[in-house]
Amino acid sequence: MTRGRIRSKIRRSNLYTFSCLQPQTTDTEGPNAVQGSRVVHCNQPHLHLKKPLKYCSNFISTTKYNVVTFLPKAIFEQFRRVANLYFLLAAVLSLTPISPFTPVSMIAPLAFVVGLSMAKEALEDSRRFVQDMKVNLRKVSVHKGDGVFGYRPWHKIRVGDVLKVEKDQFFPADLLLLSSSYEDGICYVETMNLDGETNLKVKRCLETTLSLDDDESFKDFLGKIRCEDPNPSLYTFVGNLEYDRQVFPLDPTQILLRDSKLRNTAFVYGVVVFTGHDSKVMQNATKSPSKRSTIEKKMDYIIYILFTLLVLISLISSLGFAVKTKYQVPDWWYLQPQKPDGVFDPTNPSLSGFYHLITALILYGYLIPISLYVSIEVVKVLQATFINQDIQMYDEESGNTAQARTSNLNEELGQVDTILSDKTGTLTCNQMDFLKCSIAGTAYGVRSSEVEVAAVQQMAIQEEEEVDLSNFPKRRGGRPVSRDNVERASEIELETVITSSNENDLKPTIKGFSFEDSRLMNGNWSKEPNADVHLLFFRILAICHTAIPEYNEATGSFTYEAESPDEGAFLVAAREFGFEFFRRTQSSVFVRERYTNSGEPVEMEYKILNVLDFTSKRKRMSVIVQDQEGQILLLCKGADSIIFDRLSKNGKMYEETTTRHLNEYGEAGLRTLALAYRKLEESQYATWNNEFQKAKTSIGGDREAVLERLSDMMERELILVGATAVEDKLQKGVPQCIDKLAQAGLKIWVLTGDKMETAINIGFACSLLRQGMQQICITTTNSDALVKDGKEGAKENILNQITNATQKIKLEKDPHAAFALIIDGKTLGYVLDDNMKHQFLGLAVDCASVICCRVSPKQKAEVTRLVKEGTGKTTLAIGDGANDVGMIQEADIGVGISGVEGMQAVMASDFSIAQFRFLERLLVVHGHWCYKRIAQMVCYFFYKNIAFGLTLFYFESFAAFSGQSIYDDWYMLLFNVILTSLPVISLGVFEQDVSSEVCLQVSMLITPKVVLPPYSSYPCCNTYTSTMLLQFPALYQQGPKNLFFDWYRILGWMGNGLYSSLVIFFLNIVIFYDQAFRVGGETADMEAVGTTMFTCIIWAVNCQIALTMSHFTWIQHLLVWGSIVTWYLFLFLYGMMSPLISGNAYQILVEVLGPAPIYWAATLLVTITCNLPYLAHISFQRCFNPMDHHIIQEIKYYKKDIEDRHMWTRERSKARQETKIGFTARVEAKIRQLRGRLQKKHSSNLGAS
């Protein structure tokens, strides 16, 4: 607590020039012109209980349903399915006398299907509700009156309440900052949940409220805020505070937004301005959408087709019945036509035909399978279980597994075209590590970055494969350049990459410090040439910052609370190099220097005279200090492009070598800064400081410009010292995952709230960007012309940039050229306008990668909607924070990272994973499997129901369209419930492209040193099979191209069903018609023919599904062949029952069908005839037009991967989509570069000879 009070006494505003300093408010400064009707009575929340000042509560909800809306909305969701609407109508009609079935047989299945789906929806939404309540029930300290504060749940906070928020707590609502633990009202806020930025934001209260710094001071506090109405803009706020008979203007620097966190500050007081869904973060949120997969939407069209067919054959049947009733029923005396009942009324055939139409619509309902939805729900739940059980997606560090939070979109995972990803916390770990540096023109640091290591691993894999060197130049003797020479050249390029073969050596032992180089450690830097420059370098690291040290008693060292992770990494590095920053006062910083000439540690004091803080516009930070010897120094760190332009003539000694090192660091995906200094004379500084202090306290509108001009004046004539390279630690496996996803043909966009420079650095780190890739930056400029023209001028300028960039891409002739589109949030605000968004989307689609930076949560959602609707393809959004909820909900599939930023993204998501790298397995393995399984399952379902349902219609023509079924009622009931449902479920759950044996060989071939743990006990979840998919990522493109559920395939399966129905019915009729069936010469009756037909259907459809499957387990064998056995077992047991139960089927198998050879012969003949065309089709396809998985299966079956490695290598390389992003593209670019060098060298040698 003592340390906190000491820190609180520091007037932090003295450390900042631009971001939070405000001049004293005077009478000449007028209030803001507020456009809004919101009035907030501070410390009087009871005035907001009645209209017009009654505002929404602080209760938030992200659920799709509530108690009132669940039934109507959930029922609406269920009856959006066309088939359910049909069965609802059929269930209603079953209550009438004209129904061929009992009401229970129609209502019970529908209620079961709808009820099961609604229960699943309720369960999934209840999880969101539980998480919402965890947030709503958080506690915060609220002023209860008379200067007394007490804790209250978030959801009970009201507008006007005064809150006391303590360190590391989230703000429960949008607050106006009144005071803080620092005496000048400074506080630090982390907005990672809002905009993804990890650096801390500085907020400062009004001077007039500084005295409200303890609980007692709020006893008589009253005030009134007039401000803007609720809106989604995170970076703007307009309002006035009426307090103490004065009006004070408010701006965003005084506003603390909900879901941001208080950091480095003991406590703050604030008054609630916006609550609940009025808060800016919730204004950026979108309502939980109802998502349906592409296959499910397409199923509706298939249902339309089948329903049209149903109506057509029902009309034919009713017309035939009307004709029969009018002309033939009067002659059929046994029907007693003299007693018409409406259904059989020869005097009114039209009415009889109408009644029969309704009967036929119900009777032929087997064309539209109600069990399809139940089967799909069961399959999807089992698929989701396998996703949840996948040990390969288990994160040991967090203990989190993958979770399919909704099973409705499993197959959609296999059809993704574009991934839109957050950066902070999704791609990165929010951790910076000091890795390399350049001092006095010498590069230090031997450890490789993650980018370098992964690139070398990728090249090592490619070395296993044969590289076509036929285009390489030949030597003088006619022999081609050997691969060894290429590899040797590659080694020269990557000589600094591999530093250790032990993977454990790559792990940093100190957080924030991964540097390794004995030349600088343990004081050895003093033995280096230019040791004085090294000394300056380390002092700049230890002094040029605004951080606060905190002593960690557990470790015995200091930790640092810095504004940005970079700054913290620099201080840790300085400490490890022997320059430990350990104390800060109002005017000084103290550094303990361990390695001195005397050999004893020395505590050095540096007086802080001025801090010229970092802004995104300045791209640099400087401190002016005075050392113990009285020397005044300006110490500066910033972007190399900025620093190099400010170097003096004698300060460029190391510029050339440092530039080369910076380029190398950039290629390695590192974030770089240049360090420089300047010695100042006292008189020179005094003159400048007088002007600077006047500018700081001025009130005019040009204050910022004057401060910038004076800062720029001082930050000139610098002397370069060196450069730093820190690694923004990517999450484990991110570059490799992006590379595999790119090879699978997926496009990747990054949407981040970070600055453009940070986003670009991360783009390089994860290989979305690379050296040689042309960057297209679309930005708004601040030229005078545009200021005059206003919004229209800015739009025109942006449109010209987009048009020029599009033209540039079209005119590019190099096939290997790659373009990256980079755009900021301000520009995006113009681009998303209806007049420009399609041009922007066209440009973005033509680029290899797209990075949108400084975007708000709402813009993330808008970009996602633009991509989804503009391309018409499946989008996936992935993020981990509250700022990602909008795009997660807007995308076709939302994936949440269960990281450290809370659970908002996870609760809004459809799937959750612990690390970004698991997205590869989720899509390429589970997505591919689920898509193919569901697609084949749905096609097969329609096939078998058409094959079965149309036989009922054919029989009607032989039965005077009377509505009589040729099948026993129990046969029809069991057809979809037992006899054909389990095999199709096994297809949807266990089908795979390749067998486990094949994948075992692949995993051993590709990763011989890796021992893969067991995946799970489920037969479908074979690790090696999934490894196969990861080695052949192009197999994934079968989903986005929709090869297994396009209209060609759907209509093909429906045609197959039509063909099978014709064969089953008419071939049996031909066989049994006028044929002796029994020994006594009797012909077969309707029961015998119907049972034989049904036997043929069971055999045909089950053999068909066996031919469809590529991969069999014992479960599939059991269910497929077991279904056929079950049919005979049922026929035997059903025939053994009393004739009162079995009716005409009494002893049907034992006495009627079993002894008749014609029954068995007909079954065999019809089954072969039904399946022969499909067998011929797949044989022809495999021979003359094979698909990717067919080739792989045959290569592995004939062991060509072992006997003919050239074929195996060729097919593996073909199985990768051509890509311009990722490590593969980076390595291929380097190989092309090496080839070019070799060709150039060869040409020069020929010229010399």
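A Cβ is built for glycine as well, from the same backbone N, Cα and C atoms used for every other residue.
Heads up, TrEMBL stuff is auto-annotated, nobody curated it.
Taken straight from TrEMBL:
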ACT_SITE  D422  active site, 4-aspartylphosphate intermediate
BINDING   D422, T424, D880, D884  Mg(2+) binding site
DOMAIN    40-107  domain 'P-type ATPase N-terminal'
DOMAIN    906-1003  domain 'P-type ATPase C-terminal'
DOMAIN    1024-1186  domain 'P-type ATPase C-terminal'
TRANSMEM  82-100  transmembrane segment
TRANSMEM  106-123  transmembrane segment
TRANSMEM  301-323  transmembrane segment
TRANSMEM  354-374  transmembrane segment
TRANSMEM  941-964  transmembrane segment
TRANSMEM  970-990  transmembrane segment
TRANSMEM  1050-1073  transmembrane segment
TRANSMEM  1088-1107  transmembrane segment
TRANSMEM  1119-1137  transmembrane segment
TRANSMEM  1157-1176  transmembrane segment
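In this chain, the transmembrane segment (1050-1073) does not touch the transmembrane segment (970-990); fewer than three CB pairs sit within less than 8 A of each other, excluding pairs fewer than 6 residues apart.
Scored on C-beta pairs under 8 angstroms, the neighbour of the transmembrane segment (1088-1107) with the top count among 82-100, 301-323, 941-964, 1157-1176 is 1157-1176. All protein chains considered, the CB of D422 (active site, 4-aspartylphosphate intermediate) has 30 other CB atoms within 10 Å.
Of the two recorded stretches, the transmembrane segment (301-323) does not lie close to the transmembrane segment (1119-1137), with fewer than three CB pairs under 8 Å once pairs fewer than 6 apart in sequence are set aside. The list of residues near the transmembrane segment (1050-1073) in space but at least 6 beyond its ends in sequence, with Cβ under 8 angstroms from a Cβ of it, reads 298, 302, 305, 939-940, 942-951, 954-955, 958, 1083-1084, 1088-1089, 1092-1093, 1096-1097, 1100-1101, 1104, 1158, 1162, 1165-1166, 1169-1170, 1173-1174.
Per-class residue totals from DSSP over the domain 'P-type ATPase C-terminal' (906-1003), listed helix then strand then coil: 73 helix, 3 strand, 22 coil. Confidence over the domain 'P-type ATPase N-terminal' (40-107), given as mean pLDDT on the 0 to 100 scale, stands at 82. Summarising the environment of D880 (Mg(2+) binding site), the number of other Cβ atoms within 10 Å of its Cβ, over all protein chains shown, is 31. In the domain 'P-type ATPase N-terminal' (40-107), the DSSP tally of helix, strand and coil residues is 30 helix, 3 strand, 35 coil.
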